[in-house]
Amino acid sequence: MKRTTYAGLINEDYLGQTVTLQGWVQKRRDLGSLIFIDLRDREGIVQLVFSQEFSADALAVADQLRGEYVIEVQGTVVNRNADAVNDRMKTGKVEVEIHDAKILNKAKTPPFYIQDDINVSDELRLKYRYLDLRRPEMQRGLKIRNGITQAVHSYFDANGFYDIETPFLTKSTPEGARDYLVPSRVYQGHFYALPQSPQLFKQLLMGAGFDRYYQIARCFRDEDLRGDRQPEFTQIDMETSFLTAEEIQSYTEGLIKQVMKDVKGVDIKTPFTRMTWQEAMDRFGSEKPDVRFGMELKDMGVAVSNAGFKVFDNALANGGLVKAIAVPGGADQYSRKQIDAYTEYVKRFGAKGLAWMKVTDDGFSGPVAKFFKNDGDFEAITSAAAAKPGDLLLFAADSFKVVSDTLGYLRTAIAKELDLIDQDQYAYLWVVDWPLFEYDEGIERWVPAHHPFTMPNEEDVHYLNDGEDPHKAHAQSYDIILNGYELGGGSIRIHTRELQEKMFKALDFTKERAQEQFGFLLDALDMGFPPHGGLAIGLDRFAMLLSGNDNIREVIAFPKNSKASEPMTNAPSRVSDQQLADLDLNITNPVTDDEPTE
């Protein structure tokens with residue numbers, strides 16, 4: 001028999017038709033003279049009815065069926081009885097009366113139910129990923145991901161972009177995250193690196209004159225094992241020649257508009273709001289602000305400067321800041337114990353503590369309220385904080401970074417707790433005019449805020465000259481933000497050798513090191529490179545957000561776990577002594593199979 005349609009597409013349009021369906025047994029109900037089977041495929045579930053009246057042979061087959069058996073059936077689509085209609089199912093008004101059935105394959109009892117909202121460990125789900133992927137919510141996520149990629153291809157093709165592949169085996173340029181290294185058998189002692197991004201190759205394609213490039217690119221980063229990260233991920237990559245940052249942003253908005261229309265059926269407004277990096281940090285305490293709700297950071301320096309509260313006074317005297325957020329209705333919703341828990345948590349951002357007051361009709365209450373009882377204090381503070389009676393004021397007093405990180409975190413965490421966020425809203429935002437460099441406290445040196453190929457703002461190029469302070473420079477870079485997540489980022493690139501060498505020098509590269517690692521790029525920039533720029537969007541995160549998930553693993557078919565391993569195939573695994581010998585490699589300190597080195 002040849003399948004005529006998908007089970008999940010059966011509806012009243014098929015009434016009276018004979019259909020052939022193939023799929024998995026989701027559920028079986030035996031009423032003696034009748035057996036009901038819920039048949040599942042990638043499009044959904046339809047109810048099958050087996051009866052002696054329709055076919056004794058088919059009923060005999062149904063009697064053998066169990067969960068996850070793969071079957072093939074043929075039958076007639078009919079209306080359900082009025083009392084059996086199920087409005088929760090797309091197919092809930094109809095059923096299929098079966099007159100022919102065949103078992104294509106049997107199945108052992110699976111280790112978990114093939115349904116949504118299962119309560120099992122992530123490790124078990126990953127070990128049996130091929131079963132996990134049968135669940136409807138997993139199939140929906142990957143369907144959305146597929147819809148995004150189809151829209152991407154359609155949009156870029158319609159706008160004159162070439163889809164060009166770049167290499168997986170390339171040169172290691174150890175900046176930023178660690179590379180995944182691939183030893184060469186032919187050149188023993190030499191290594192390829194898997195690309196962290198197609199960055200340099202797409203720039204070289206602009207130098208080659210292709211003008212507009214895109215690629216759905218696989219990328220690899222050997223990062224520390226923490227957070228919602230994957231060692232391999234996918235990005236929607238683009239690069240253009242002779243366009244301004246605003247023109248590249250316009251193309252990106254057009255792409256996102258098409259994706260939202262095709263995948264979600266939502267018509268979003270363009271152009272998106274634009275906000276400088278400084279404004280984002282000042283107002284929201286984050287370079288990826290969620291603008292679906294208020295509770296913005298407010299500068300309290302003037303309002304609290306004469307109160308005699310040493311914590312605030314010392315911060316201001318040392319060139320720091322005092323800022324606050326007003327939690328609407330928080331005075332009644334947060335106990336001292338809850339606030340103390342937040343106080344302890346924000347120490348991870350470098351905060352020494354958290355000052356707070358509750359706003360009442362009569363003034364302030366709380367640990368620091370005694371410092372703010374003078375005439376005018378109430379009006380000055382509530383006005384500066386945009387607060388009203390019933391609100392909770394949370395203060396941070398420290399450096400710009402500590403204050404921003406602390407209140408930026410609290411703002412988002414509290415908004416989630418109080419359900420202040422419209423989950424149906426898609427708030428896209430451009431954050432522009434980034435610093436060219438940022439200080440990495442972990443390695444105690446200045447690093448590029450994006451990457452070392454980013455063009456400074458025209459008025460800031462002189463900061464890369466000898467005797468100037470390059471850390472004052474801002475960049476022609478831009479990030480696209482969606483609902484508090486960095487969806488992607490890009491920049492105008494440096495297109496002259498002279499300026500690129502100055503950039504490397506600002507990063508403490510010697511000429512020899514720059515030539516060794518990036519000589520091919522520097523040489524290319526000497527050969528008539530056009531002005532160019534581009535952007536990359538994280539496909540995994542985009543699919544995660546559009547599918548309503550909170551972890552990118554839910555929209556990747558075969559992801560790694562938090563230890564960068566893959567329980568289903570047991571990757572990474574040991575290899576044979578012969579394979580190591582072929583590569584002239586010797587493992588001096590092997591670990592056990594289930595013990596990562598980090």
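Glycine is treated like the rest: Cβ placed from N, Cα and C.
Feature annotations, reproduced from Swiss-Prot:
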| type | residues | note |
| --- | --- | --- |
| BINDING | Glu175, Arg221, His450, Arg493 | L-aspartate binding site |
| REGION | 199-202 | region 'Aspartate' |
| BINDING | Arg221, Asp222, Glu223, Gln230, Glu486, Gly538, Leu539, Asp540, Arg541 | ATP binding site |
Cα distance (Å, whole number) from Leu539 (ATP binding site) to Arg221 (L-aspartate binding site): 16
Secondary structure content of the region 'Aspartate' (199-202), with strand meaning DSSP E or B: 4 helix, 0 strand, 0 coil
Integer Å distance between the CA atoms belonging to His450 (L-aspartate binding site) and Glu486 (ATP binding site): 13
Spatial neighbours, same chain, of Arg493 (L-aspartate binding site) - Cβ under 8 Å, 6+ residues apart: Gln203, Met206, Phe453, Thr454, Met455, His532, Gly533, Gly534
Nonlocal neighbours by CB distance (under 8 Å) for Arg541 (ATP binding site), same chain, sequence gap 6 or more: Tyr485, Glu486, Leu487, Ile552
Mean of the pLDDT scores, which run from 0 to 100, over the region 'Aspartate' (199-202): 97
